[in-house]
Amino acid sequence: MHIVHSIAELREKLAPFQRPAFVPTMGNLHDGHIALVKQAKPLGDVTVSSIFVNRLQFAPHEDFDSYPRTLDADAQRLEAAGCNVLFAPREKELYPEPQTYKIHPATDLGDILEGHFRPGFFIGVSTVVLKLFSCVYAGKPSGVAAFGKKDYQQVLVVRRMVQQFALPIEILAGETQRAADGLALSSRNSYLSPNERIEAAQLSKALKALGDAARATPTPDLLALEAQAMQALARRGWKPDYLTVRRRADLQPPQGPLASEPLVVLGAAKLGNTRLIDNLEI
């Protein structure tokens, strides 16, 4: 596996290939990232991953400075998974000057849920993803990029951006990888204390219970069910931002009977100092 730190080096390594399969990450890799690499690899003629902790998607009070940087261990895992090129740029390489041109997702998708509780988050995500796509796919007739469904809203934001800009990139949404107790794998799980790690599995259980309740009748009172789910988590010591049932296609609240509507239950809540997100399609 080649490890490159500059855009010029990256493009040189990718020059012989026509269809990169790309997995962008912020590092501190877990089995979910590795599963994405393995899923994407057969869909391209070269497999690329990136590790870059993107300052633009962190608010001033968030964990940019403390986010784990584990490049050597990550590189070993990527190589073992069959990655051919790892792009690990320094901040000055991707942002040699202040990034004044930014991608602002449409408010109906970018300003709800995660976008509401983390203002500017999807602006930072969309901007860095488009920039990474430019680095990886420049001059290529097609490509594939893999993202995990754990970040469900992010997948929709990126997919819509690709459609809006007519980019020749297929977006692969990989299934969420989970621990044996149901906790969605996340780089931020490493922040949890031993007791918090045990409790953290309750988030996926709360989402499943909410989903089951929503599907129990054709016309449920979703607002009441969502409020009850949040109260139940709060009683366990969590600080929930949202637990909600939405349409899969656009993350808007469902209208009318739910029987035929493809839905997803999404949640975000803070346990101690760690904010966790998860979702379940129902």
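Backbone N, Cα and C define each Cβ position, glycine as well.
Taken verbatim from Swiss-Prot:
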- H33: active site, proton donor (ACT_SITE)
- 26-33, 148-151, 185-188: ATP binding site (BINDING)
- Q57, Q154: (R)-pantoate binding site (BINDING)
- Q57: beta-alanine binding site (BINDING)
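All protein chains considered, the CB of G148 (ATP binding site) has 24 other CB atoms within 10 Å. The recorded positions examined here are H30, H33, K150; by Cβ neighbour count within 10 Å, the least packed of them is H30.
If you draw a 10 Å sphere around the CB of L185 (ATP binding site), it holds 18 other CB atoms from the protein chains shown. Within 10 Å of its Cβ, the residue among the binding-site residues N28, Q57, Q154, S187 with the fewest other Cβ atoms is S187. Applying an 8 A CB threshold to same-chain residues 6+ apart, the list for G32 (ATP binding site) reads G148, K150, G174, T176, Q177, A184, L185, S186. Checking each of the recorded positions H33, Q57, Q154 against S187 (ATP binding site) by C-alpha distance, the shortest gap belongs to H33.
Secondary structure at M26 (ATP binding site), taken from DSSP and collapsed to helix, strand or coil, is coil.
Reported as a whole number, the C-alpha separation between N28 (ATP binding site) and Q57 ((R)-pantoate binding site) equals 17 Å. In this structure the C-alpha atoms belonging to H30 (ATP binding site) and Q154 ((R)-pantoate binding site) are separated by 18 Å.
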